[in-house]
Amino acid sequence: MKDPDPSQVYRPDMDPEAAKDKGSFRNYTSGPLLDRVFRTYKLMHTWQTVDFVRKKHAQFGGFSYKRMTVLEAVDMLDGLVDESDPDVDFPNSFHAFQTAEGIRKAHPDKDWFHLVGLLHDLGKVLVLAGEPQWAVVGDTFPVGCRPQASVVFCDSTFQDNPDLQDPVYSTELGMYQPHCGLENALMSWGHDEYMYQMMKFNKFSLPGEAFYIIRFHSFYPWHTGGDYRQLCNEQDLAMLPWVQEFNKFDLYTKGSDMPDVDELRPYYQGLIDKYCPGVLCW
């Protein structure tokens, strides 16, 4: 039996009445943005292959794209609207502060967790570097094995993916061993994996939970759909509650009320100075 959908179980700890109706988030069957969202996932599920992901690791693994601070990266996201997101049609920089502030109110004693809220989508600067959105945004999934049922648009978007014609990659386990651990899975390329690798490269001093949340927060088929358990080890199951806790704020703090970014910047600059100071390699 699959785990229950966190969107039906979890609720934000702050101002639940002010949030959008929970059942209306992540609606992939109707809504004004649906055509845009479907096109993005169709491209993603056609072209995200083992070979493609390995090439992207090689292309961006040297972190020579740009040198900038964390808040400069946040400011860059003013120019990005995520075309895979059915919930919002405003710049990602606002979502970064919304998520961070939601976590801060619910977990005032965990300053590293507040910073994760700000950092979690900064890998989307790849779009502003010229990468197509289907190679940056949206839900992630392991390549090298058959996509499982809870992947968004699973039944209607993978028909042209060449890996599904491969006798190994088209099986449930694919190129993996049972319970190999998600750290050993090759995830579809996007802002999660890029940001995780960037944080390691720049030696962020955040706890392991922060790195894990960043790397797998878009892996909805796992943390929400309950799929891909055949790849999980004990560490993954131990970390799952952290990812699900983060997901409450990633999802349910989206709204039209824009935070006062200028008022918030000094607090988050202090966290950046503590955990990831200075000019960083992106």
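For all residues, glycine too, the Cβ spot is worked out from N, Cα and C.
DSSP gives Asp139 (substrate binding site) a coil state; it is part of no helix or strand. The 10 Å shell around the Cβ of Asp139 (substrate binding site) contains 23 further Cβ atoms across the protein chains shown. The substrate binding site annotation in Swiss-Prot covers Arg26, Asp82, Glu83, Ser84, Lys124, Gly138, Asp139, His217, Ser218, and the record cites similarity to another entry as its basis.
With a cut-off of 8 Å between CB atoms and residues at least 6 apart in sequence, the same chain places His120, Asp192, His223, Val243, Phe246, Asn247, Asp250 near His217 (Fe cation 2 binding site), listed in sequence order. Annotation source Swiss-Prot lists Fe cation 2 binding site at Asp121, His191, His217, citing similarity to another entry.
If you look up Swiss-Prot, you'll see 12-24 marked as compositional bias 'Basic and acidic residues'.
The phosphoserine annotation in Swiss-Prot covers Ser30 and rests on similarity to another entry.
Here Swiss-Prot flags 1-25 as region 'Disordered'.
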Inter-residue Cα distance where the pair is His191 (Fe cation 2 binding site) and Asp139 (substrate binding site), in Å: 10
Rounded Cα-Cα span from Asp121 (Fe cation 2 binding site) to Ser218 (substrate binding site), Å: 10
Distance from Glu83 (substrate binding site) back to His191 (Fe cation 2 binding site), taken between C-alpha atoms, in Å: 13
In the chain carrying Glu83 (substrate binding site), residues 6 or more apart in sequence that have Cβ under 8 angstroms from it: Arg36, Val37, Arg39, Thr40, Gln133, Val137
